[in-house]
Amino acid sequence: MESIGIVAPQTMHFAEPLRLQSGSVIGNYQLVVETYGELNAARSNAVLVCHALNASHHVAGIYADDPRSTGWWDNMVGPGKPLDTNRFFVIGVNNLGSCFGSTGPMSDDPSTGQPYGARFPVVTVEDWVHAQARVADAFGIDRFAAVMGGSLGGMQALAWSLMYPDRVAHCIDIASTPKLSAQNIAFNEVARSAILSDPDFHGGNYYAHGVKPKRGLRVARMIGHITYLSDDDMAEKFGRALRRADGALDAYNFSFDVEFEVESYLRYQGDKFADYFDANTYLLITRALDYFDPAKAFDGNLTAALAHTQAKYLIASFSTDWRFAPARSREIVKALLDNKRTVSYAEIDAPHGHDAFLLDDARYHNLIRAYYERIANEVGA
């Protein structure tokens, strides 16, 4: 199926200060966005795609100067794809605090002329949603046909349906959770500790020292990456295979160098991530994950938290996802059904763990395609 082709990001500037959940204020900030497809005359066919931890506004297509720069959800978004850009106008927004062009720790603080670094305020999922709403306003979009996301993106989609109930017709929440478990918070803490203890971190102001805390960021990514894969998937991909340049496949080196294929894979993923991602951004986004808990203001009652929602919902989970297990999605489904909301739920039998939401699985894509067909009929797309 064809890609959407060459795309280009655009930078949107916002002069009105944004008050954050922490009480801090971000003034004169920018957000980088990409759009795909055409907004119809009624402005009724817009879909917002929210990104997960290490992704960005670059949802689909490629950049003219880099043919390898395929968007992170290119198999999902494009002409004739499950989210069909021949029918829908799709927006991807790079969130505040990120390192891909939107205002974040790498940006210059207007008050000092130096990068914010550790001074950049902690942001939350709710802060991102408020910022995204301003993007919608700038496009003249009063109501999204759908807000969609996987993992952390799914949390944003759910938050949209809570915070702007009259602006979301459909919420598509994939491989997500209503809040992080203690185990998930613990994984994030270990990852952050790896970064914070890196000698090159310099209290978050490493830009001024001309270094990056790559060692810590590398370990953080390795920890995270393990949680994105299933045990079965790792067994099939790597098993206990040894990595040997000399062809001696059955002998140990009796050292702490790379011995197993899975070690080599994790080191490769860690090195690649540390080259392009920012450590301060990693700290911010993992903390935003930790803080997301819409039921907190309702004494932990998710049903009460979702009482004022108006959207229709598609909730999807994957059988081997142990980071955000299907049981967590079913918590959302139950709370919505308790509120007599219209909910479709699917647990997809897929071997790939949490990362399955990013992959091209026929059953998964057929589900999303069928749901968008329903939305298209509603909005005349």
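Placed from the backbone N, Cα and C atoms, the Cβ positions cover glycine too.
Annotated in Swiss-Prot:
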- SER151: active site, nucleophile (ACT_SITE)
- ASP321: active site (ACT_SITE)
- HIS354: active site (ACT_SITE)
- ARG221, ASP355: substrate binding site (BINDING)
- 45-360: domain 'AB hydrolase-1' (DOMAIN)
- ARG323: site 'Important for acyl-CoA specificity' (SITE)
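All features noted in Swiss-Prot, drawn onto the structure.
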residue	record	contacts (Cβ under 8 Å, 6+ apart)
SER151	active site, nucleophile	ALA52, LEU53, ILE174, ALA175, SER176, ARG323, PHE324, HIS354, PHE357
ARG221	substrate binding site	ALA191, GLN269, GLY270, PHE273, ALA274, PHE277
ASP321	active site	ALA175, SER230, GLY353, HIS354, ALA356
ASP355	substrate binding site	TYR228, LEU229
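ARG323 (site 'Important for acyl-CoA specificity') has a Cβ environment of 23 other Cβ atoms inside 10 Å. The Cβ neighbour count for HIS354 (active site), using a 10 Å radius over every protein chain in view, is 23.
Looking only at the domain 'AB hydrolase-1' (45-360), the predicted model's pLDDT averages out at 96.
Annotation note: ASP321 (active site) sits in a coil segment as assigned by DSSP.
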